[in-house]
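Going by Swiss-Prot, these are the annotated features:
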- 66-75: disulfide bond (DISULFID)
- 83-94: disulfide bond (DISULFID)
- 88-105: disulfide bond (DISULFID)
- 124-205: disulfide bond (DISULFID)
- 145-187: disulfide bond (DISULFID)
- 176-200: disulfide bond (DISULFID)
- 234-276: disulfide bond (DISULFID)
- 265-289: disulfide bond (DISULFID)
- 340-356: disulfide bond (DISULFID)
- 348-417: disulfide bond (DISULFID)
- 442-516: disulfide bond (DISULFID)
- 474-490: disulfide bond (DISULFID)
- 36-78: domain 'Fibronectin type-I' (DOMAIN)
- 79-117: domain 'EGF-like' (DOMAIN)
- 309-558: domain 'Peptidase S1' (DOMAIN)
- 1-17: signal peptide (SIGNAL)
- 99: site 'Important for binding to LRP1' (SITE)
């Protein structure tokens, strides 16, 4: 009887856990983990399980209430009213839920985040980067930054839960910031088994130009320019005639906006560019300032390639935002085919190789795609353009490939064509007298074949690292008696090893960029032209020498 009772008790124990079992039990396994998070793309914010938030409804003026449930975002519309106090930065419009205290910011173009505090067009930082509010999230080692709101940073001195986090630019994101006034923007990374700080690879804005030009929309511009597009002189921000205006030196946050006892151009509301108040025909109005954006050529958000392939490495378009893909309509069938690579050198102009256009295609049969990582798969931020015209160098020799350069003008209804973003940007043109040391390491990129015998182009953008050959090694003698002129330069992979491991351009890469880093900016040194095979040991690729064509480029761009 006792044995039977003991068996019954044991069975009950299996069926009904003891009261304190839950203290040590590990119940949270699988997909429904309490660590499940949700990503709200419009605000680029990550939310934890059961967190809720408001967000604007797409293509609607309504607002919806969202909740993170097991990794899924569940939303429904709710009534809202205007916020009782300003909570949004950079000209964002604040709306508050009618029956609870949460709010949502309707952000102007170029700004995202819970409070419109993230500037998606900021591609570099000024001075120490204390006011940098861009989206760079990569450390100098290539490590990805950790979200400032992560619980692993709760004991760190700088995290998104500090009382003054918003002022410091910290929030529910992993973008580089400089909250402690260090030398430049930094972030936390996981390294060698622990969480530590590391400077970011965010590029610095060109020095010496901050007084004459502005970066992004000019929200952080603090120069002394004070003339408008009509050459009118700006009114001081503390002028008595501005009483009652939204943006004056009397605002509580005027210092943060750059407003004060001066008449310098500013952009306190996140408008398209710096502006100021002026008097026109005895009436108070405002005008944009007569300023140009700073050059951000050659700047990028480089991501270290993860996959090695024949001839190079798979890469992302953000590492080579100047890379263009040129397509041409098929002659006898619908659709289009990939033609060549190209390189964006200004908003409306792309350089390529002359030999790509031997068939003299009508301009309306050509298309240029910018911002694409995969050759035939559209990218999220890609930009597509028809061609207004293209110019092949008048002295191009289709036998020797001398003067192998062409210039394509993108079609646009305005003077602005390509819009700068993390995926689209220009490469710098070199100085006329540029002479780089022999064996300087440079980069090329393109959608070409992995090897000469392959029947297919690469599905994804590749990059390769090569070194500039001395002129004494860039001769006919070293290239099997092929003609080599002073308009060409040579570059190749100088490492020892089998041919399969060597980096090089290949068929399909033609017209693409060979860029070298000069003063932390990627500068266009060559245009991919021709070669003997692909990735052969001690056989360099041949490139059009861009410094020889600067006058030709500028003259044709002015026409």
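Cβ from N, Cα, C; glycine included.
There are 22 other Cβ atoms within 10 Å of the Cβ belonging to residue 442 (disulfide bond). Residue 340 (disulfide bond) counts 24 other C-beta atoms within 10 Å of its own C-beta, drawing on all protein chains shown. On the backbone, the CA of residue 124 (disulfide bond) and the CA of residue 88 (disulfide bond) stand 23 Å apart. Among the disulfide-bonded residues 94, 105, 200, 234, the ones whose Cα sits within 10 Å of the Cα of residue 187 (disulfide bond) are 200. Across the structure, residue 176 (disulfide bond) and residue 265 (disulfide bond) place their CA atoms 27 angstrom apart. Under 8 Å from some Cβ of the domain 'EGF-like' (79-117) lie the Cβ atoms of residues 42-45, 52-56, 63, 65, 133, 166, 169, 171-173, 216-217, 219, 269-271, all in the same chain and six or more residues away from its ends. In the predicted model, the domain 'Peptidase S1' (309-558) shows an average pLDDT of 92. In the shown protein chains, 23 other C-beta atoms lie within 10 A of the C-beta of residue 88 (disulfide bond).
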